[in-house]
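Here is what TrEMBL records for this protein:
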- 1-26: region 'Disordered' (REGION)
- 1-12: compositional bias 'Polar residues' (COMPBIAS)
- 85-146: coiled coil (COILED)
- 103-192: domain 'VPS37 C-terminal' (DOMAIN)
- 186-248: region 'Disordered' (REGION)
- 199-248: compositional bias 'Polar residues' (COMPBIAS)
Amino acid sequence: MSQWNYQYSGRSNRPAPNPQDDTDFSDLLEDASKDELQMLMDNENKIIEIVLDHEKIKKIKLDKELTQAANRSIADHNISKEPQLSQLRDALAEKYEKLKNLNDAFLLNQAKLESLQKDVNLETTLAVLQTTCAQTEEESEELAEEFFSGSLPITDFITMFKAKRTLAHNRHIKTDKMKELVLEVHRQSSTPSVPPRAPTSTPAYPGSTRSAPQSNPYPASYGSQQPSYPAGSYNQPSGQQYPGYSWK
């Protein structure tokens, strides 16, 4: 190599070593004499020059420069997109704020609706529908009376009467549906669920070989409320007529 030419010129016919990319720096120094090695040790700049002139180092340096250039190009491209990115970021923040406001309004309206549903029951709604339905019927009858009296032209009567009858018909349908709903709710509420009766163990009555029934069909004060039978006038009822009781 050129770095070694000045060392070997006039002193030896040996060619200067030329290490390849796949060799290390030991190939450069294996044929150097002690004086040449000492000269290299005393000249640090020459060592740096030899290292930088190596093909592997040149390739690393070139790759580094190419990587830096590519990174610089990517950075310039990203910087050019900064205004668009900032605009999209602001638009996203604005839409998020709108979404938050809509969500808050929805929750508020939902709470108001639940409060109104608690205050207005089905019977009240049915009464309002029946009132409005009757009012619409009266208004349509008034239109008919005005037409028959001649105070309302036929074209106006047809338009207004048709609108009133359509409105009355729709309100009749809503009223009928509400009646069915109210009846269904009352029917469900009037059918209570009977809990199962817990079995009770009652001891047998004295003087009877049968076991007592699980539940007494008569009130507990039944015997105390019955009038006593005279001893000679009437026959006492037999025990078979009232199971579970002893008349003796």
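In case you wondered, yes, glycine gets a Cβ from its N, Cα and C as well.
Caution: TrEMBL annotation is automatic and unverified by curators.
Summarising model confidence by region, the domain 'VPS37 C-terminal' (103-192) averages a pLDDT of 87.
Per DSSP, the domain 'VPS37 C-terminal' (103-192) is made up of 81 helix, 0 strand, 9 coil.
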